[in-house]
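All remarks here apply to the structure that follows.
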Amino acid sequence: MDRYVLRPNDPHLWAMYKKAVASFWTVEEVDLSTDVRHWTDKLTEAERRFMSHILAFFAMADGIVGDNLVCNFAKELDHIPEARAFYGFQVAIENIHAEMYTQLIITLVAKENQAALFSAAEDMPCVKAKAQWAAQWLNATHKPIATRLLAFAAVEGVMFSGSFAAIFWLKKRSLMPGLAFSNELISRDEGLHCDFACMLFRQMANKPCQDDAHQIISDAVDIETAFFREALKTPLLGMNSDSMKLYIQFVADRLLDALGYAKMYNVSNPFDFMDNISIEGKTNFFERRVSEYQRMGVFTPSSMEFTMNEEF
């Protein structure tokens, strides 16, 4: 019965949970009124097509991540109090992300086109490939937990990264402020989720060998690259499938390094507008207050004591 008592053992994992709580936000705090006009009057048809692909993927992606947490990780790791707390909160945050993407589609996309985006996981091949890869790991409960933790770090750390960058590209051009703001909040959340996965992974036994880890990351990179070849059939000013491929490889190397493996691609970041934004949380992106959404008092000193005696 002791596992029902929330008594943290690892101050670093617990700090991740407290950071997540401090970053809570809601869909109602995002103003999309200007975005409606920008979507119609300022984005080109090619840009709307590109963003529609991204929204179609995101509309279902958080549901798969949430299912994995509820069905697998939260149960398998419930002996670790920090993981139990973090994953419980992450499920709520993934629901907010899913709600946000639904609201974006309903608000921005013409009504006759919305159904196609909501069913993209079945009907849009490049989105379906991403969904199937993530679902494959959702159902791979015969695989070691460390291997699946790595795979879902790839989902959130690689398969989300290009789409986040695409929306930051709009922000650089002062377009779609509501979408850009929600993207800042969501990418911050997902970066924290990925950081937590990496921290937990490094403490686990029975990690996959480097060849297996490289294969998982390589598969994620290939599927993500194929997605952008389809989404970016028409090159855009400052955004094309070749530069996106380099960015995805760059992010994959950062993730491999955070997980404790050798890099695979050794490429530079092709997007100057992403230089100060690390999806893996390597900069102070999570330390600063993002538009004053960090809840006051969450990081105040606590009387709770920590011990470093947990076995992983």
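Just so you know, glycine gets a Cβ as well, placed from its N, Cα and C.
Matching Glu76, Glu122, Glu156, Glu224 to the Fe cation 2 binding residues that Swiss-Prot gives (Glu94, Glu190, His193) identifies Glu156. In Swiss-Prot, the Fe cation 1 site is described by Glu94, His97, and among Asp41, Asp62, Asp67 the residue recorded at this site is Asp62.
Spatially, by CA atoms, the binding-site residues Asp62, Glu94, His97 include one closest to Glu156 (Fe cation 2 binding site), and that is Asp62.
Cα to Cα, Glu94 (Fe cation 1 binding site) and Glu190 (Fe cation 2 binding site) are separated by 9 Å. What surrounds the Fe cation 1 site, by Cβ distance within 8 Å of the Cβ centroid and not counting Asp62, Glu94, His97, is the set Ala61, Gly63, Val65, Gly66, Ile93, Asn95, Ile96, Ala98, Tyr101, Ile186 from the same chain. Apart from Glu94, Glu156, Glu190, His193, the Fe cation 2 site neighbourhood in this chain, defined by C-beta within 8 angstroms of the site C-beta centre, holds Asp62, Val65, Gln90, Ile93, His97, Phe160, Asp189, Leu192, Cys194. The Cβ of His193 (Fe cation 2 binding site) has 26 neighbouring Cβ atoms from other residues within 10 Å, across all protein chains displayed.
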